[in-house]
Amino acid sequence: MAGALQIISVAVLFVLLAYVIYSDVTRRIIPNIVNAAVALLAVPFWLGSGEALWPLVGWQLLLAVGVFAVFAGIFALGAMGGGDVKLLTALALWLPAIPYLRMLVLMSIIGGVLTLAYLVWHRKRGKAGNPEIPYGCAICLATFVALGEPIVKQLAG
């Protein structure tokens, strides 16, 4: 699965995602420059795959457009932040459709647990209203699993 260029790309991506977690927890912001870097870093990842760039790139771009359309609608409803939408769109350039869907399921589970934890913490502190959930954390943790698992399997086997 992974050539050296892919492994380096994933390693840099993981550093960026760790920063996203920090930024989202501390400031509730996922910087546009980080989302742009995540998207652009998909290019060396594709080049390191050893696969023909066509239709690989075409499918990834199509997936990213679809992801943006769906999650922009969720953003319009006020249920998700713009940085989260841009991050999910950028990450769609990294994973084929089925692994991306698995990542979304895992993201939803992690996000649900995170939401419950924040609600409990928010209520225990006696705060009114609903807390802002740093959903970028769930996105990043699910991506660590989705991209890291195949590499770990390859290195182990």
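The count begins at 1 with the first shown residue.
Placement of Cβ uses the backbone N, Cα and C atoms for every residue, glycine included.
Note that the structure is a prediction, hence the values are computed from the model and not measured.
Sequence annotations record features per position, and here TrEMBL assigns domain 'Prepilin type IV endopeptidase peptidase' to 12-116.
Under the heading transmembrane segment, TrEMBL lists 6-22 (among others).
Residues annotated as transmembrane segment in TrEMBL: 29-47 (among others). Tertiary neighbourhood of the transmembrane segment (29-47): same-chain residues 5-6, 8-10, 12-13, 16-17, 19-20, 23, 53, 56-57, 60, 81, 83-84, 86-87, 89-91, 93-94, 136, selected by CB-CB distance under 8 Å and a gap of 6+ residues from either end.
Residues annotated as transmembrane segment in TrEMBL: 59-79 (among others).
Long-range contacts of the transmembrane segment (100-121) within the same chain, counting only residues at least 6 positions beyond its ends with a Cβ under 8 Å from a Cβ of the stretch, are 63, 67, 91-92, 130-131, 133-135, 137-139, 141-143, 145-146. The transmembrane segment annotation in TrEMBL covers 100-121 (among others).
Residues annotated as transmembrane segment in TrEMBL: 133-152 (among others). Remote same-chain residues near the transmembrane segment (133-152) are listed as 1-2, 7, 10, 13-14, 17-18, 20-21, 23-25, 28, 30, 80-81, 83-84, 87-88, 91, 94-95, 99-100, 102-104, 106-108, 110-111, 114-115, 118 (criterion: CB distance under 8 Å, separation of at least six residues from the stretch ends).
Each residue of the domain 'Prepilin type IV endopeptidase peptidase' (12-116) gets a DSSP state, and the totals for helix, strand and coil are 85 helix, 0 strand, 20 coil. Computed over the domain 'Prepilin type IV endopeptidase peptidase' (12-116), the whole-number mean pLDDT of the model equals 97.
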